[in-house]
């Protein structure tokens, strides 16, 4: 008897599992609150050089600014430069100082803002960009973008650490570590007195939050039977969408970055308390030889699900026999993903797809400027559009297949980026429509990637394969904010980069085998039974056909 038979006896889907899904919903909601927080936390409002000495009774403010600030090529006043000396104005003497110093050339000299900046606080009372003594604008705007990169780099490192530690010490114990670490580091970030302190604490917060991404899914699915895992996975993914929309509301109500950071961090406190009711994975306990504790959790599951169990077939001795079969002989490594030709082909393609999915998703999600809506409306709309995109994925993977859905959603993302390049900056409505379409396609690509990748890898390497692709995906997420800095080279270059990477990932997805209506591979031999695809015709994995 294996673990699946044990789970069938105690109930693979019932009140016990539903309670578990509900208790693990909080981490899924917290993830987008932190991952997409830079939209509000690092927002850069309209700003200009601080210009002390403006006449208190000066009635023509715009004219006075014209004398002190140069204009950009698009006609707007510069945010980062001022004239070295005020320019002459009609009926004023503001230009006399300039003329007396011999500044008679056609192009007046300009200098950087030496006395700080003045910010428009109509939308944000404060962000890390406007923080006193930080001023992460103009020459320092790279540090503003780098804060997001540091955060996602922390997520990448944390994923590796939590993946190993949760296998070594258990899911529930490491989930507690993730909760406590996120709470402490989040509070420290909100109290940062310097940019360096903020960057360090946010990086460590990202590492702590990685525990949620690595632990919650296995802890939830390992208590579910095979039949209900897909339903539970789709249900759980809606919690992320709920967090995306909740962020818009929280950001609207709290305009100060320190209080906003506190608001998205403090829910970790009730999360810590909720762990009292979250069970450890019985499957993991059996692999570690903790038979007594696993037996206790299984009996509790049976009681909550109203399942009577036979004492003879469900004794601690019977569970011990199952444990002997569940013990891990050798832990797989990342190298196992590249040892055989077919598996190597799948791994290389999945790496490119996951990098493209994350790079384009976060590139689009973190860029809410230049649209016809304010940042709060845009974020709410971006969250709301994720719900129909999940329905699109559900229908498409059933009838068109996983491979075409993955390629099609990435192609749609690339086309949305490319079309936005053709729309002029004054066509706000069209820019908004294209951005929303791109967000829907990128979310659909993300959802498909999780399903498709898990079906490509054999059971013995599935967790390892998902770990590798998630690792590379987080690398793409960490580079996405930095790609936005390419606008200093050419204004359209960031969108061209995001779209180009998405297009490359779409083409790569077509090189993967189709898994629709195919049984999940169990061993490496199952995967290697057929050579890598050489055409774009639909292929079926060489296993028995099952109901989708």
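Each position is counted from 1, following the chain as shown.
For all residues, glycine too, the Cβ spot is worked out from N, Cα and C.
According to Swiss-Prot, the protein has these features:
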type	residues	note
TRANSMEM	21-41	transmembrane segment
CARBOHYD	91	N-linked glycosylation site
TRANSMEM	146-166	transmembrane segment
TRANSMEM	180-200	transmembrane segment
TRANSMEM	204-224	transmembrane segment
TRANSMEM	234-254	transmembrane segment
TRANSMEM	259-279	transmembrane segment
TRANSMEM	346-366	transmembrane segment
TRANSMEM	376-397	transmembrane segment
TRANSMEM	404-423	transmembrane segment
TRANSMEM	432-452	transmembrane segment
TRANSMEM	466-486	transmembrane segment
TRANSMEM	493-513	transmembrane segment
REGION	522-548	region 'Disordered'
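Between the transmembrane segment (376-397) and the stretches 180-200, 204-224, 234-254, 346-366, 493-513, it is 234-254 that has the most C-beta pairs under 8 angstroms.
Sequence-distant contacts of the transmembrane segment (493-513) (same chain, at least 6 residues past either end, Cβ-Cβ under 8 Å): 345-346, 349-350, 352-353, 355-357, 359-360, 363-364, 367, 403, 406-408, 410-411, 413-418, 420-421, 442, 445, 452, 456, 476, 480, 483-487, 530, 532-533, 536, 539-541.
Among 21-41, 180-200, 204-224, 346-366, 404-423, 21-41 has the largest number of CB pairs under 8 A with the transmembrane segment (234-254). By number of Cβ pairs under 8 Å, the transmembrane segment (259-279) is matched best by 180-200 from the list 146-166, 180-200, 204-224, 404-423. Beyond the transmembrane segment (204-224), the same-chain residues lying 6 or more positions past its ends with a Cβ under 8 Å from any Cβ of the stretch are 7, 12-13, 16-17, 20-21, 24, 27-28, 30-31, 34-35, 150-159, 161-163, 166, 171-172, 174-175, 177-178, 181-182, 185-186, 189, 232-233, 236, 278-279, 281-284, 301, 463, 467, 470, 474.
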